[in-house]
Amino acid sequence: MRIGLGYDVHKLTEDRKLIIGGVEIPHDKGLLGHSDADVLIHAIMDSILGALALGDIGKHFPDTDEEYKGADSMKLLEHVYNLITSKGYKIGNIDSTIIAQSPKMAPYIESMRSNISKVLNTDIDNINIKATTEEGLGFTGAKQGIASQSICLLLLTSQNN
């Protein structure tokens, strides 16, 4: 088994959609980034890549590459899933936290879990997502950005045991 930790942050800005966990969330601002800036998916991908000792999302999907401009992070997650299986692993579980003062994430968490479990070909019970605020402190508390943390456990597939 292997464990990986991921973290991502993006600045909130006008004239962008807010997409988190593959869900478009109604909000007056969205996240700024080269791709769709899905902070949750980016943290999850980094945790998986870390568990596989394959670097980070900047190595695999550089923001200097026009191919990834405006990219759907769920499609990038599909690529990361292929790396998991090619290395002989499967998802054990993923536990993630979204850190945002607003909007409230609770109404969207089940859709996020469903999206992620489908792409990673794992039971929805293996995907946990929590949301918290920083009580008005820091850049997330000041509503300047949104952050996410993720930890994953990868298990060897049965054919590799």
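A Cβ is built for glycine as well, from the same backbone N, Cα and C atoms used for every other residue.
Look at Swiss-Prot and you will find 8-10, 34-35, 56-58, 61-65, 100-106, 132-135, PHE139 tagged as 4-CDP-2-C-methyl-D-erythritol 2-phosphate binding site. DSSP classifies ASP8 (4-CDP-2-C-methyl-D-erythritol 2-phosphate binding site) as strand under the three-state reduction. Listed in sequence order, the residues of the same chain lying 6 or more apart from ASP8 (4-CDP-2-C-methyl-D-erythritol 2-phosphate binding site) and placing their CB within less than 8 Å of its CB are VAL39, LEU40, HIS42, ALA43, ASP46, ILE57, ALA147, SER148.
According to Swiss-Prot, the feature divalent metal cation binding site maps to ASP8, HIS10, HIS42.
For HIS34 (site 'Transition state stabilizer'), other Cβ atoms within 10 Å of its Cβ number 16. Taken from Swiss-Prot, the feature site 'Transition state stabilizer' applies to HIS34 (among others).
Sequence annotations record features per position, and here Swiss-Prot assigns site 'Transition state stabilizer' to THR133 (among others). Following the DSSP three-state reduction, the secondary structure of THR133 (site 'Transition state stabilizer') is coil. Less than 8 angstroms from the CB of THR133 (site 'Transition state stabilizer') sit ILE99, ALA100, GLN101, THR140, GLY141, each of them six or more residues away in the same chain.
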Count the Cβ atoms, other than its own, that fall within 10 Å of the Cβ of HIS10 (divalent metal cation binding site), considering every protein chain shown.
22
Work through the binding-site residues one by one (PHE61, PHE139) and point out the residue whose CB has the fewest other CB atoms within 10 angstroms.
PHE139
Which of these binding-site residues has the least crowded Cβ, counting other Cβ atoms within 10 Å: SER35, THR132?
THR132
Tell me, if you would, which residue among HIS42, ASP65, PRO103 (binding-site residues) has the fewest other CB atoms within 10 Å in the structure shown?
ASP65
In whole Å, note down how far the CA of HIS34 (site 'Transition state stabilizer') lies from the CA of PHE61 (4-CDP-2-C-methyl-D-erythritol 2-phosphate binding site).
10
